[in-house]
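J.: My questions will all concern the structure given below.
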Amino acid sequence: MAAEREPPPLGDGKPTDFEDLEDGEDLFTSTVSTLESSPSSPEPASLPAEDISANSNGPKPTEVVLDDDREDLFAEATEEVSLDSPEREPILSSEPSPAVTPVTPTTLIAPRIESKSMSAPVIFDRSREEIEEEANGDIFDIEIGVSDPEKVGDGMNAYMAYRVTTKTSLSMFSKSEFSVKRRFSDFLGLHSKLASKYLHVGYIVPPAPEKSIVGMTKVKVGKEDSSSTEFVEKRRAALERYLQRTVKHPTLLQDPDLRQFLESSELPRAVNTQALSGAGILRMVNKAADAVNKMTIKMNESDAWFEEKQQQFENLDQQLRKLHVSVEALVCHRKELSANTAAFAKSAAMLGNSEDHTALSRALSQLAEVEEKIDQLHQEQAFADFYMFSELLSDYIRLIAAVKGVFDHRMKCWQKWEDAQITLLKKREAEAKMMVANKPDKIQQAKNEIREWEAKVQQGERDFEQISKTIRKEVGRFEKERVKDFKTVIIKYLESLVQTQQQLIKYWEAFLPEAKAIA
């Protein structure tokens, strides 16, 4: 019966080409996968590294027939046990985890598996990654700041250099606190290196801030005015957020290029990062070619999860863009309100100076002072609208583009696998024709080619399964971070609005006696 079933096999343990990139990502995995079969053995078993769901494209795995009395693994998850419980030992891996400073809880809630029939059971598998994430928490003891923008050089050869300061207790770094000077092209070069390593295997690489030819040209050839200062501050804040998101990723944090960027006093000059260059034009051509290929590839998606997520991100992208436009309009209106308030304050002050009535003149002068203070409040609120809300939306519009990029790479991986299968079929047909035509001298060559393409088909299948598995984990981590970021920003934004309104009330309450004193 169900209680006497043996645990599922642990797999043959064959490594794939991508498993070396999986190290360190366990801390941030929050995707929960639904099992098709769950034995009621007292010891939970880990899934094989290359296990795929029944909805995955390609050859289907052998189905397991379940008894009707399926158990709800979380039906009575009420018992608290120590982390040293023997029931956890088969799940936890002995492999070394990334050097982080974890926060380890003293107790952990463990579900008890009871032989209890449920009318509508929901069975979940708690993977090794999720157990470790729950035990260790999403904490990386590393703080990164970008500050002190400095103009280096003159004319069109000038550029902005930024100080990147890192504070950490992670053992992978040589010091606990260090700072380096980096220019904007260095940030672009870092993103290019990380994307070339990890994007095509399913990792979501945070995008770097976009180049602005107009804004940087003003900084290079123009004098230091308010617009140039505002542009430099926007870029500094964007670069800081980019690095903070990058080091939050457990796999990217361990990349040697990232550590070199943070620690090395001198970096090789980043090349092919200019917008108006041969490499820049080539990138635009490649993007256009990828868009055309995406339209021509017709992937038979049989995994409902991927189909649902792609539609979800398409809708989310559209709504975020609409909200971003609205918030930018709000920022513009707030700045206009600030300018009009300043003009009103100036006019009220001039009227107060020309007024003969002493009490009325004093009241008008006080009104002008209040309006000047309100003008400052409007400027601060416009600043909060932009840096708290608008920039968050802008970042996530680019992040969702990166998410859709990994889905596109999965489609390319499937297309490569499909092409290998078609080529293998043609090779087998050619071999059959040779055997019918009795050409023994070419049959051996055909057999060798068939073996070669069979290996390519198997490798393509493994690559596709691995990138699908990685994307599931990455999307789960992305969703968790997205909710956390929006919650934090919305709370801060509402607090700024409340503070602004409270300050307005104080200003008007202080002015009210002056208005009543007019006689």
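Glycine is treated like the rest: Cβ placed from N, Cα and C.
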J.: With Swiss-Prot open, pick whichever of Ser185, Ser192, Ser196 is annotated phosphoserine.
T.: Ser185
J.: Swiss-Prot annotates one residue of Ser119, Ser174, Ser302 as phosphoserine; which residue is it?
T.: Ser119
J.: In Swiss-Prot, which of these is labelled N6-acetyllysine: Lys151, Lys220, Lys469, Lys473?
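T.: Among Lys151, Lys220, Lys469, Lys473, the residue Swiss-Prot annotates as N6-acetyllysine is Lys469.
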J.: Look up Lys469 (N6-acetyllysine) in the DSSP assignment and report helix, strand or coil.
T.: helix
J.: Quick one: pull the CA-CA distance for Ser185 (phosphoserine) versus Lys469 (N6-acetyllysine), whole Å only.
T.: 33
J.: Let me check the 10 A CB neighbour count of Lys469 (N6-acetyllysine). How many other CB atoms are there?
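T.: 23, counting other Cβ atoms within 10 Å of Lys469 (N6-acetyllysine).
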J.: Take the Cβ of Ser185 (phosphoserine) and count every other Cβ within 10 Å, whichever protein chain it belongs to.
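T.: Result for Ser185 (phosphoserine): 17 other Cβ atoms within 10 Å.
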